[in-house]
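The structure appears right after this line, and notes come after that.
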């Protein structure tokens, strides 16, 4: 049997053992808890002195400092260039994490290896030392087990009832001398032969400190037992939790303590309360402290240190891949820590709603409590809703949280006035101020699906909050009080109103205040870029007056965009030096991320698809543009007789065509205005992707006009120079609708012939929307749906008719796409584009 097979068998046995033990513990624990009166447990909790709780929590947080001695020993043995203060802070964070999700200490060992490898050359020796620390967690218990075996601690009651525990103690006790001998004979470092002994002593003291915390929990709930008997039960329970591989020993440890104290005659309600206090003081409080430390210890400085460390040499292949993510993970620790703290804060104060309700029921001034409860609940819900925003380092989310903290503080001060909780709120407020200064974005994009999700989540939380309060009051027999005039009346609707007011005010403030932050480059810079590097089919629209421009730092490339509904909608591909497009888009996306905007590209070509893909985008085919090859275009031949017939008809009617160069006279503009108004027929002009009838815009390029025999303008089209590939396009095409003549055909034919005479080789006839989209059953569902719209909704919009009309000119069809972020909705993105096009 080779080593690989042995390892697999061992892993299977370990998982089977842990699973079986977990099931056994869960069933037994459920059986024991089912007989407990939880109302009595709550009554016992209400009797606890608050100062005793404060001392307990301080002791629980301080007890974990002992574990930092492991890291002090480690840093001194390996002669690490790291300050004692940093060792203590980092160690505290590691140990708090390990206590919650320890899996027998393996999580802590992994984090230690990740952190300390940047401070030493000898990685192999580091791993050896960390392994020694991992094993010493058991040797401390082994030393304490020896004290039970030699009857220093009295465990006779539990050993008489559960005889197999005695053999476990013997085995664990025997492990200590083996470990000490082995660690001295084969030490990680020959100059530090007693490291194993030192770690064992640290482990022993730490377990005793944990035992003292639990014992103090028993004292404050009035569960008096002999310390010697208590410590014996604790050691056996700790062994059970450690070998179970369950994070924190949850379940296994608690079951043994519950059974052990039951044999000593302590009521189960008091034991349960004692365990809850112990879990909070020894696990939850250190985690809170660790999260606070993480907010300051890790982040940008840590990331820079790792990148600049002489010991940080990226490995190849998999190691390099993992290390590339490690730096980013460390940089996110502060915001993640604060987000977790805010989440726990909101949960704790949601529970405190019960205290306000309880006090209100026995107070005559219901109205005051009614308002304070609604404010308190609203603030708690706002805290909860902004947890993700705090993690994403959004200033708007942090401001929401800060206002919520202030509102909770006011409600707390005027109701149950817990100075412990007010102090905690002050700490969180300070952390939020620090986070606000570090925040790298003003706000996150507002998306419709997120709004709907937040509304549903809010309703769910408020419903759960109501069920919790009602259920607790019912369990405590408080519903015997008349409640139709109590604080719960109309509470839900007032809460919704307060939330709406706060959200509305802050959202308006950000949109109003930071709308001024949006920058726009000068149009002269864009003109210079186009003159130097060329344009595209849409570049002439820089003169339409409804766009803003964003250039790169060197002013060699730009894009044109417009803001709408928390989005920056970009028209077409970037323009300018193609080598600068990467830099341009990165700067633009950074700019949009800082302001909390989405980025949408409209009508882009397939030329730069890889570039857009690099920024996490996906694509939707909008349709195809008809590009006519003027070198092949002709009105001669049998197939083109329709073109000749159209031109001959206009000649017979003495309708002429000419190109008018700017500047234009007022009389000429008035003639065009008359035609345009009749053509629009009170319809609203479109914007953004097309030009509008505007004298300033029209004066930037020649205009083709058709005149009748009275020399009156009956149709016109505005030219769109492209400044690249000898191509040209037209924008506005308008005619007198009362004339029963093919004026659009006439304009196109005359423009095609004129463009060919002027030496142009390509003519853009515009896009056929949804043309050739989703034609294969392999296409995305959204594109197949768009294809069905193209085929079956021709009555609403002439999708097929537009393509058929342009097809008679035998164009080459080039695809055009919508580019949007992969986590955005297609339909919401399309909706924003349509709003930009249809509204100025």
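Using N, Cα and C of the backbone, Cβ positions are placed for all residues, glycine too.
Quick look at what Swiss-Prot annotates:
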- 30-52: topological domain 'Extracellular' (TOPO_DOM)
- 74-89: topological domain 'Cytoplasmic' (TOPO_DOM)
- 111-128: topological domain 'Extracellular' (TOPO_DOM)
- 150-161: topological domain 'Cytoplasmic' (TOPO_DOM)
- 183-200: topological domain 'Extracellular' (TOPO_DOM)
- 222-229: topological domain 'Cytoplasmic' (TOPO_DOM)
- 251-271: topological domain 'Extracellular' (TOPO_DOM)
- 293-337: topological domain 'Cytoplasmic' (TOPO_DOM)
- 359-369: topological domain 'Extracellular' (TOPO_DOM)
- 437-450: topological domain 'Cytoplasmic' (TOPO_DOM)
- 472-489: topological domain 'Extracellular' (TOPO_DOM)
- 511-840: topological domain 'Cytoplasmic' (TOPO_DOM)
- 9-29: transmembrane segment (TRANSMEM)
- 53-73: transmembrane segment (TRANSMEM)
- 90-110: transmembrane segment (TRANSMEM)
- 162-182: transmembrane segment (TRANSMEM)
- 230-250: transmembrane segment (TRANSMEM)
- 272-292: transmembrane segment (TRANSMEM)
- 338-358: transmembrane segment (TRANSMEM)
- 370-390: transmembrane segment (TRANSMEM)
- 395-415: transmembrane segment (TRANSMEM)
- 416-436: transmembrane segment (TRANSMEM)
- 451-471: transmembrane segment (TRANSMEM)
- 490-510: transmembrane segment (TRANSMEM)
For the topological domain 'Cytoplasmic' (437-450), the number of residues DSSP places in helix, strand and coil: 5 helix, 1 strand, 8 coil
Among 53-73, 272-292, 338-358, 451-471, stretch most in contact with the transmembrane segment (395-415) (C-beta, under 8 angstroms): 338-358
Surrounding residues of the topological domain 'Extracellular' (183-200) on its own chain - C-beta under 8 Å, 6+ positions past either end: 70, 73, 77-78, 125, 128-129, 132-133, 136, 139-140, 142-143, 176
Listed stretch, out of 53-73, 338-358, 451-471, that has the most CB pairs under 8 angstroms to the transmembrane segment (272-292): 53-73
Positions whose Cβ lies under 8 angstroms from the transmembrane segment (53-73), at least six residues beyond its ends: 84, 87-88, 90-92, 94-96, 99, 112, 116, 133, 136, 195, 198-199, 202, 205-206, 209-210, 212-213, 216-217, 220, 277-278, 280-282, 285-286, 289, 420
Within the predicted model, mean pLDDT of the topological domain 'Extracellular' (472-489): 53
For the topological domain 'Extracellular' (111-128), residues assigned helix / strand / coil by DSSP: 15 helix, 0 strand, 3 coil
